[in-house]
Each structure stands twice: as structure tokens, then as C-alpha cells.
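Undergrad: Let me give you the structure first, and then I'll get to my questions.
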Amino acid sequence: MAVLSSSCAQRLAKYRHAQIVPSPCLPHTGLWLVYLSAAAKPQLRQPRNGLSRVSRHVARHLAASASSVPPSSGAGASSAAATVPAVVRSPLITVLLPTALALLLCNMDRICLSVAILPMSAEFGWPASLQGVVQSAFLWGYMATQLVGGALADRYGGKLVLAGGIVWFSAASMLLPLALSPATVAAGLTVPVVLLSRFLTGFGEGVALPSMSNLVASHIPAASKARALGLCFSGFHSGNLAGLILSPLLLMSYGWRGLFYVFGFLGLPLLFMWLKVVPDSPASQTAAVAEPATATATATATNTTASQSKTGVTRAEAPTASATAAVPAAAPAGSGAGSPHFGSSAATAGSSAGSSGTSATSGSDVSIGRMLTSSATWAIIAVNVVNHFGYFIYLNWMPTYFNKALGFDLRSSSFTAFLPWLVMAVGSSAAGLLADNLVSRGVAVSTVRKGMQTVAFLVPAVALLVLSQPGISPAVAVGCMTVALGTTSLGQAGFVANMSDVAPRAAGKMFGLCNTFGCLSGIVGVTAVGFIVEATRSFAPVFSMTAVLYVIGTIIWNIYCTTEPLF
């Protein structure tokens, strides 16, 4: 046995009879133990094989190391420390919670106008039809970046794309009160400025959900997909809660202009947290690690060849660089190998590729035209259209419904609208847990997706039919709205999870494609409600029409839905 430093130990690595381990007796000294097997002893008597020179070098180096290496520092210590694998944090902390927070702020910036529209319309004299147009302007921009955001997320990773979106929609939110100067109002440009600001806000937020889909597909194993989406959408719907609670308070304290300033400024701390916590996509991490690993393997092979020519060790006897590189490293603590919840990103990438039977590519070879040839894609599009038609009506018109139809004041309207969104936020997370639990018990994934989506549409249809009846009490109306929104959230484990089922390599692009159609439906729905209410003085036709669409969407879904990976 010999004791030597890390640099010398690396030189001994090429000898097949040398076993090198860090010294347990001399911690933090950078010294290593070298064990020479019995098979090496006869060769030690032969000076020409080079091992005798190594023995003399070990003795000299040991004396030099004892006097020159500090107890807790030195190159050897850093080299030894570099061999300790870094702790891999759970994707729950690094991916899902930051994504949920980002989506929370997205919806806060989105829903604040549904509260601010009441004092704004009173100040500028907007009728109900114009209010619908103003609220739909967000969806114009939101629709414009769905496909682009999905394609960019699949190519560059959801982290970078959503970071850009945070900067954009936060700045656009603050633009609205800044642009509405007295000169703008005097020039009669109020409506164009508001429309432009809301368009730009939607333009920035349009990349959020496709980026989320890419992050979940890249970092979360298939067995935990529904739970992961449920957690992200809980943050998404919690943004409605936070917006409905904070908006009336900020309105009373700072006016509707201060509301947009505060929500826009919150994007700055969110951006810093996002860039620091969220990891890059597994593909880029693998590429970054592969380059130095390849260079190291090449250098090791070169050194091994040179040493073989000096020592006389034959190529068949010497261990090759590729064989050494093939030895798997020990799984780092916290990698999630034994986690019952979410695995590490590396493990996820491998499991996702294996489960889908496809290569771990970015999906850039999957075109939109190819997706549109599949009936499974059109099933998701149809359900997305119906879901968004109802969702954006709730999102934009619920406070107005409570205020105009039920007689609540501004503050009561916002706080009453809080309850349905609270149930929806809880339901999103519960839907993921329920779906993954059913799959783990052996229920077919297609059965789970169809069943969850069926309940998510038919129960709200019944609740909306009750809402359309004349003379219902405010308590019944709030209860029906809560049931409708709460059960709609089960669709996160239905059509939303199905997007990455059928397109595991292009989840962001699939989400962007389907959400584009959904946003178009939302624009039509939100705008139409304004004209319908202005013409009929009632929300009953809106509720009846939405209930019929829910039934049609359920039929299409159960006929054409599939969970086979296609893209």
C-alpha cells in the first residue's frame, strides 16, 4: 500500500493492478491510498516495467505532500471534493412550484381587468358590448403566441421562454395606466390604448401554458404527470383567487391605475427567482455534460495508449476509456430514485423516452400539419374549444354577473367570485391525485382520461342549466357557479394531460396548437356575451348555450380520444 496525492493517483490509474481510493484516515488532506494486488508483486522486482519507478516516486511524493499540503485545502482537496456528486433537488421544488407561482401571477394580471372594468366603464362611459370587446383584447394577443410559444419551448426549453414571457406581460400590464395620460384621453384614444395594452399583456402570457407543458414533459415522469399538471394549474387558478381578493382592496386604496402598477411590478422578483431556481432542460444539461466527458475520454485513451507503449502492457490487458466511462456513477442523494412523488430530471428524461418508445429529441421534426392529420388532435381541439368558451366567460364576466344580475356591490362581487375559483384551484390538484391513483391501481389511462373529462363537462352543464332558470336566489347562483367551475377543473387530468400522452416529444407544440383554437373560442365567447347581455338584459341564454356545448364536447371526446403516443 502507498499514500500519495490526487495528481499522482491519477497517474497510477492506468496500471491495472492499482486500486485507488480516498484516504479515510487522512480526511481533507488530498491524499489517496493505493493498494497493489498480489499479482503486481512479481512485477515490482522488474525495473523495466516502470512500477519500481512509481514506488520510488510515491516515497518522494509522500514526504513532499506531508510538508506542503494544508489540512483543509489544496488542489487535492478540491479534486476530491469535485468527485462528490451534487445533490439533485426534487422537481417539485425546482420546476413545479416556480411554474405554479409564474402561472399565478399570469392570472393575476389577466383577471384584474374583470374587476377594474366596472370603474373604468363608469369613468369612460363604456356600454356592455364595448366592455366585451375590451376584455377580449387580451385573448387576441394570447392566441397569437400559443403556437410560437410551444415551438420555442420545445426548441429552447420552457425556462427561457417563460422568463421572456414574464418580462413582457409585466411591462405590458404597467403600460396601461402609463399610456392613459390626460392627453391620450383628450385625444379620444382611450379605447385603442387599452386594447393595445391588453393585447400586449396577452401576447406575453400566451407562452406560459405551452412552456408549462414542456417543463412537465421534460422533468416529470409519466406516472406523476397528472399530479404535476394539477399542481401547476392549482397555481394558475389561485391567481384568480389572489386577483379577486387583492383587486378590490387595491382599487379602494390606489384606484384602478394603481392595480395595474402593483401587479406589473410583481414580475421583477418572480423573474429573479425563476432564473435562479428553475433548471435548464435535460437535453441541454446532457449536451453540456457530454462535451467535457467526450474530451476527457479521448484524453484518457491517448494517455493509456502512450503508457502501454512504455510499460509493455498489451491493449487486451489494459482497461479502455470506454469501458471506464461505461461504469455507472452512484445515484446521488436526493435524486428521487426512491421518491414516491417526483423523480429527478435525468431519471425523468430516461423514463419518458423509454415509455414513449421514441428518441429523446426535441420534437422539432413534428410539424403542425402532421398533428392536424390525427383524429386524436382534433378531439383535444374540440374539447379545448368548449372548455375555453366556458372558462373565459367565467373569468371575464363573473364579477359583472354578480354585480348586475344579483345586485352585489363591487367588493362583494369580487369576494363572491372568489369561492368558485378556490374550489377550482383545489379541484385541479385533486384531479391529478385521483387520476394518477387510478392509473397506479391498474385502470387504463384512456379510461381515466375519458372519465375525468366526461365528469368535467356534464356536471357543469347541469349546473349552468339551473343557472339559466329565472328567479333563482343569489345563494343558489353562487352554489351552481362553484359546482360548475370546481368540476371543470377535472379536465386538467383529462384533455390537458392527454396532450402529452399523444405528443410526448412535442408537448409544447401540441399545447400551443390546441390552445390557439381554444383562445379563438374564448374571443368569440367573451365578445358575444357582451352583445347578448346588452340585447337580452340576461345571462340565461349564455348559460344555456354553454351547457349545450359541454354535451357536444363530451360526445366527441369519448369517440375520438386516445392515449397512444403519436408524435
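Each Cβ is built from the backbone N, Cα and C atoms, and glycine gets one as well.
Pulled these from TrEMBL:
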DOMAIN    95-565  domain 'Major facilitator superfamily (MFS) profile'
REGION    298-317  region 'Disordered'
TRANSMEM  160-180  transmembrane segment
TRANSMEM  186-208  transmembrane segment
TRANSMEM  228-252  transmembrane segment
TRANSMEM  258-275  transmembrane segment
TRANSMEM  376-397  transmembrane segment
TRANSMEM  417-439  transmembrane segment
TRANSMEM  451-469  transmembrane segment
TRANSMEM  475-498  transmembrane segment
TRANSMEM  510-533  transmembrane segment
TRANSMEM  539-560  transmembrane segment
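Could you give the neighbours, burial and distances for every feature on this list?
TA: Across the domain 'Major facilitator superfamily (MFS) profile' (95-565), the prediction's mean pLDDT works out to 79.
The list of residues near the transmembrane segment (160-180) in space but at least 6 beyond its ends in sequence, with Cβ under 8 angstroms from a Cβ of it, reads 99, 102, 105-106, 109, 145, 149, 152-153, 190, 193-194, 196-198, 200-208, 210-212, 214-215, 256-258, 260-261, 263-268, 270-271, 274-275.
Sequence-distant contacts of the transmembrane segment (186-208), counting only residues of its own chain at least 6 positions beyond either end whose CB sits under 8 Å from a CB of the stretch, comprise 102-103, 106, 109-110, 113, 120, 124, 126, 130, 133-135, 137-146, 148-149, 152-153, 161-162, 164-173, 175-176, 179-180, 519.
Sequence-distant contacts of the transmembrane segment (417-439) (same chain, at least 6 residues past either end, Cβ-Cβ under 8 Å): 223-231, 233-234, 236-238, 240-241, 244-245, 394, 398-399, 402, 445, 448-449, 452, 478, 481-482, 484-493, 497.
Outside the transmembrane segment (451-469) by six or more residues, the chain places 383, 386, 390, 431, 434-435, 476-477, 480-481, 483-485, 487-491, 493-495, 539-541, 543-544, 546-548, 550-551, 553-554, 557-558, 561 with a CB less than 8 A from a CB of the stretch.
Nonlocal intrachain contacts for the transmembrane segment (539-560), taken as residues 6+ away from its ends with a CB within less than 8 angstroms of a stretch CB, comprise 375-376, 378-379, 382-383, 385-387, 389-390, 393, 397, 401, 405, 450, 453-454, 457-458, 460-462, 464-465, 467-470, 494-495, 525, 528-529, 532-533.
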